[in-house]
Amino acid sequence: MAEAPPRRLGLGPPPGDAPRAELVALTAVQSEQGEAGGGGSPRRLGLLGSPLPPGAPLPGPGSGSGSACGGQRSSAAQKRYRRLQNWVYNVLERPRGWAFVYHVFIFLLVFSCLVLSVLSTIQEHQELANECLLILEFVMIVVFGLEYIIRVWSAGCCCRYRGWQGRFRFARKPFCVIDFIVFVASVAVIAAGTQGNIFATSALRSMRFLQILRMVRMDRRGGTWKLLGSVVYAHSKELITAWYIGFLVLIFASFLVYLAEKDANSDFSSYADSLWWGTITLTTIGYGDKTPHTWLGRVLAAGFALLGISFFALPAGILGSGFALKVQEQHRQKHFEKRRMPAANLIQAAWRLYSTDTSRAYLTATWYYYDSILPSFRELALLFEHIQRARNGGLRPLEVRRAPVPDGAPSRYPPVATCHRPGSASFCPGESSRMGIKDRIRISSSQKRTGPSKQHLAPPPIPTSPSSEQVGEASSPSKVQKSWSFNDRTRFRASLRLKPRCSAEEGPSEEVAEEKSYQCELTVDDVMPAVKTVIRSVRILKFLVAKRKFKETLRPYDVKDVIEQYSAGHLDMLGRIKSLQARVDQIVGRGPGDRKTREKGDKGPSDTEAVDEISMMGRVVKVEKQVQSIEHKLDLLLGFYSRCLRSGTSASLGTVQVPLFDPDITSDYHSPVDHEDISVSAQTLSISRSVSTNMD
């Protein structure tokens with residue numbers, strides 16, 4: 001029964017459209033799997049695994065419906081809209097690079113309005129300044145009005161400012177409120193000035209100085225105010241102390257000078273006049289409108305001036321030092337932020353070096369990464385084919401094989417195999433199959449497991465491109481079924497494995513003869529270890545470079561960093577010394593004068609013995625006790641033996657009293673022969689000797 005030829009794709013993608021070709025291939029494979037799994041209608045799935053509706057068209061060039069095309073166009077327009085909105089918001093709220101040009105232009109406009117507002121108060125330049133200011137105000141209204149509207153619109157790129165409620169929340173920000181107030185005041189001034197209203201020359205003229213608020217809006221992000229607030233908050237206790245003492249000095253100085261000068265000096269007729277004098281004097285302004293006349297008042301003023309000025313000047317020094325420390329801290333923070341990228345690169349390089357180890361074959365992410373960036377090996381196959389054509393006199397390998405060769409004529413060059421031998425992954429010139437590194441690793445590992453006999457019987461599956469030529473299985477015995485994987489991102493790229501092309505004219509005997517006679521020169525098993533070695537060497541070099549760059553960023557920034565490094569090293573050294581001391585105490589054993597023993601009190605005998613058994617000194621003492629016990633027992637045995645020798649008779653042997661062995665209570669060693677057993681054996685020996693004597 002002849003097998004049905006493989007189904008071709010109805011919608012072939014163009015050669016240069018790789019993403020759409022991948023989409024078509026995935027859809028076709030899903031449909032084939034659905035037909036093979038169930039006998040009913042195929043159930044097609046999308047790229048994310050969600051089932052497609054039954055009436056959904058097959059994705060391909062020209063096959064999409066009008067609604068789908070309209071949806072794609074609307075999605076693209078939405079992306080462009082969001083991108084433009086985000087770009088405008090960054091230009092207005094977070095300017096960088098050339099965006100500062102616009103903000104400098106706005107600053108010049110605001111500064112020009114401020115200068116003209118000042119000149120409009122001078123009688124000589126009032127008319128010219130008012131005319132120029134009127135024109136500039138029109139320009140400012142247009143610019144600020146458009147900018148305010150664009151700011152509110154571009155705020156929609158942030159999630160919290162989307163929708164009407166989000167826009168209203170953005171409009172309630174302090175700087176937006178200032179912009180709105182200045183805009184309304186400018187419109188009111190221009191409207192009243194153009195109508196020639198007399199009221200505009202009196203009441204609305206003062207509204208022009210609301211333009212001073214425009215200078216506040218120059219710092220949209222409030223960096224200066226945040227810096228000042230952080231410095232004041234960091235040194236709040238010192239500032240409160242200095243201000244409190246200065247205020248007390250001001251009150252006492254003003255009151256005492258008022259008591260001394262109120263009768264003799266009309267300038268100090270009230271306590272308020274004295275407070276004014278004290279404020280001007282202690283702040284070192286010194287207008288000179290009020291001065292003490294009496295000697296008592298002058299002495300008090302001099303004493304309190306020397307004491308109070310120092311406290312009034314303290315906040316300036318505190319704020320100055322705080323600003324200096326804050327700037328230094330910001331520089332240090334920037335220096336530390338420069339370490340993030342080298343540290344991340346070092347971690348990534350270390351992990352990739354770890355994952356490329358040959359003993360960790362289960363880590364495949366790094367191999368997938370290099371599989372996506374490795375160059376195509378199709379040029380290598382073309383180079384082999386070009387060399388063979390040059391050796392064959394300009395003919396292709398198939399033409400050389402089909403050309404008749406006279407009998408007995410020697411061949412100039414050895415023939416080159418052009419067909420794929422089953423069971424071997426080899427490079428043969430022909431049609432290339434697009435196969436990734438992970439598939440080649442899987443095939444090579446399966447070949448090593450199955451062995452040469454099984455490899456010869458069952459050729460490894462080689463995935464082929466759907467857009468390539470499909471040859472029927474009836475005409476091509478070496479046809480290999482398609483093997484697709486949804487995670488295979490490299491199936492449309494040339495690879496190391498090249499598929500041969502065998503014509504139908506060749507017989508089976510010729511194929512077998514060629515398989516037995518010739519072998520391909522380059523195999524995947526030969527190339528893949530070399531590629532892995534090269535990749536691992538590259539990972540080692542990248543790891544060393546990342547390590548060197550990270551060490552360069554660890555250089556100390558200033559003296560404070562050096563002190564911190566020394567203190568950290570000192571703490572580390574103390575910890576190591578403490579650990580070493582604990583180990584020495586454990587080896588030698590803790591004596592009676594140990595500090596912990598004195599602090600926690602005396603331990604029980606069981607605890608002391610347990611501690612002694614752990615320490616080396618306790619073990620040495622235990623061995624010494626056992627040796628003493630053995631020596632004592634040996635002395636007793638030698639004494640018993642010497643008495644037996646001196647008596648010389650068996651009767652004396654029975655009369656000799658065997659000394660009892662006192663077991664050493666302090667020793668853990670006990671002899672397997674007890675002293676009772678020794679006495680019993682001695683009595684048995686004496687009885688046996690007496691019996692033998694009587695028999696004689």
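The backbone N, Cα and C atoms fix where each Cβ goes, glycine too.
Both Gly163 and Ala264 are recorded by Swiss-Prot, but within differently named topological domains on opposite sides of the membrane.
For the topological domain 'Extracellular' (193-203), the mean pLDDT of the prediction comes to 53. Sequence-distant contacts of the intramembrane segment (272-293), counting only residues of its own chain at least 6 positions beyond either end whose CB sits under 8 Å from a CB of the stretch, comprise 246, 249-250, 253-255, 257-258, 260-261, 264-265, 300-301, 304-305, 308-309, 312-313.
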